[in-house]
Amino acid sequence: MASGFEDGFSAEKLFAQGYSYTYDDVIFLPHYIDFSTDAVSLSTRLSKRVPLSIPCVASPMDTVSESHMAAAMAALGGIGIVHYNCDTATQASLIRHAKSLRVPIASDAVFKCPDHLIGSVDDFGPSSFVFVSQTVGTLTPSLLGYVSKSEWSSMKDEQKEMKIYDYMRSCESRDYYVPWDIDLDKIDAVLEDKQKGFVVLEKDGETVNVVTKDDVERVKGYPKLGSGTVGPDGKWMVGAAIGTRESDKERLEHLVKAGANVVVLDSSQGNSIYQIEMIKYVKNLYPELDVVGGNVVTMYQAENLIKAGVDGLRVGMGSGSICTTQEVCAVGRGQATAVYKVSTLAAQHGVPVIADGGISNSGHIVKALVLGASTVMMGSFLAGSTEAPGAYEYRNGRRVKKYRGMGSLEAMTKGSDQRYLGDTAKLKIAQGVVGAVADKGSVLKFIPYTMHAVKQGFQDLGASSLQSAHELLREKVLRLEARTGAAQIEGGVHGLVSYEKKSF
């Protein structure tokens, strides 16, 4: 200890008591501040050869991580892992699309087929346009034209019986098109100069994205983006999840060709012969491609995967908000204990740890990182955002998006049962649920604020970086205590008849 006082417990002593602690069960004692919040660096590594500016990873779930989420996370300095609950061609297409979204805006634009009647267009959403495309629902829609909200609202009833194609304005003019890798300021300048309400981002003759003036104005109000996660090819770095079956070897080949920068072997219980063999296969075929193994929660599990050659470890079992593995299978571990134990071993081998599950607020992120993780994987934290897949709907007056566990029966019917080694079983047993989460807005807005809150936590602990925090923990300078139920209540908002809670 830095002083002569015996106050609190070292992590080594606290986590040797035989209890399985969650993040809420433990609290760090404050240390000494001699630097500003802005001096805190959150730069880290996802795996041995994948550096990140912020310790945030989008989970490979089909209601969290597709192309827009992956691009947005990379733009922020983190990374997204594209899920594999789809066919190989679709996953490869999502990766290529994510890497081409240099301006990571998930547009509010509405698309319709040309044979739809004008009268069927009853919802422009927040957008000022409805776009007409022959390929609605694809990642690269081929635009034919558009209808503006102002024109639509002034239509006569007889005009609403017309097909959209017969009424639309054409997009043939090249004034609407700009290169895919143009930055936001240049897009804004083009919109002002051409007096257009939108631009079409194009790459190799294909539409990559449609960005409206409304989109640009919205994003301009967000915190400025820092250093993005860019690969050697000059494009966003994007991860891809795969399973451990024989068919995943062919999938891997297509994902590498699509530009995947790191592969995550997705399994609820990673300490298996199947995963160990897949790790060896990938490292033999693509020695420069980093492989993240998991999930694990014990040092024994981690040791087996480290020996097999993993470049990163994913830690967590049954701690996610939509996961029921601990309830159904009676296996798992409290996430704080799991992260500390596995990180202690992994650090000895230079293998970064991803804390996967149980993240509900910035305090949980601080605890996960200080306890030894290099990054945190986010599912529910990002679900419901603008960039998450799926459409918004209203439930009891609240705007929500679907969020489901990959162990839910609904997700299993699309192929995620492989993750639970249940794809060959006659009976499907759910290890997750289907739910909904409230609209959070864009990750481009709330992740920067969250990271600033994390920096404030590090400042209170006297740690100016993740590396510094890990050293202070190992040297027993940072002290912890377990919290009683009453202490947890006291540590939150309490004693009020009503209140409004805003994070930023």
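The backbone N, Cα and C atoms fix where each Cβ goes, and this holds for glycine too.
Copied over from TrEMBL:
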| type | residues | note |
| --- | --- | --- |
| ACT_SITE | Cys323 | active site, thioimidate intermediate |
| ACT_SITE | Arg419 | active site, proton acceptor |
| BINDING | Asp266, Ser267, Ser268, Gly316, Met317, Gly318 | NAD(+) binding site |
| BINDING | Gly318, Gly320, Cys323 | K(+) binding site |
| BINDING | Ser321, Asp356, Gly357, Gly358, Gly379, Ser380, Tyr403, Arg404, Gly405, Met406, Gly407, Gln431 | IMP binding site |
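Rounded to the nearest whole angstrom, the C-alpha distance between Gly379 (IMP binding site) and Gly320 (K(+) binding site) is 8.
As a whole number, the greatest separation of Cα atoms within the NAD(+)-binding residue list Asp266, Ser267, Ser268, Gly316, Met317, Gly318 is 14 Å.
Its Cβ taken as reference, Ser321 (IMP binding site) is surrounded by 18 other Cβ atoms within 10 Å in the chains shown. Within 10 Å (C-alpha to C-alpha) of Cys323 (active site, thioimidate intermediate) lie the following binding-site residues from Ser267, Met317, Gly357: Met317, Gly357.
The distance from the Cα of Tyr403 (IMP binding site) to the Cα of Gly316 (NAD(+) binding site) comes to 19 Å. For Gly320 (K(+) binding site), the nearest neighbour among the binding-site residues Asp266, Ser267, Ser268, Gly357, judged by Cα separation, is Gly357.
In the set Asp266, Ser267, Ser268, none of the binding-site residues has a C-alpha within 10 Å of the C-alpha of Ser321 (IMP binding site). Taking each of the binding-site residues Gly318, Gly320 in turn and counting other Cβ atoms within 10 Å of its Cβ gives the largest count for Gly318. Calculated from their C-alpha atoms, the gap between Gly318 (NAD(+) binding site) and Gly357 (IMP binding site) amounts to 8 Å. The number of other CB atoms found within 10 A of the CB of Tyr403 (IMP binding site), across every protein chain shown, is 22.
Sparsest Cβ environment among the binding-site residues Gly316, Gly357, Gly379 (other Cβ atoms counted within 10 Å): Gly379. Listed in sequence order, the binding-site residues near Gly357 (IMP binding site) (C-alpha within 10 Å of its C-alpha) are Gly316, Met317, out of Ser267, Ser268, Gly316, Met317.
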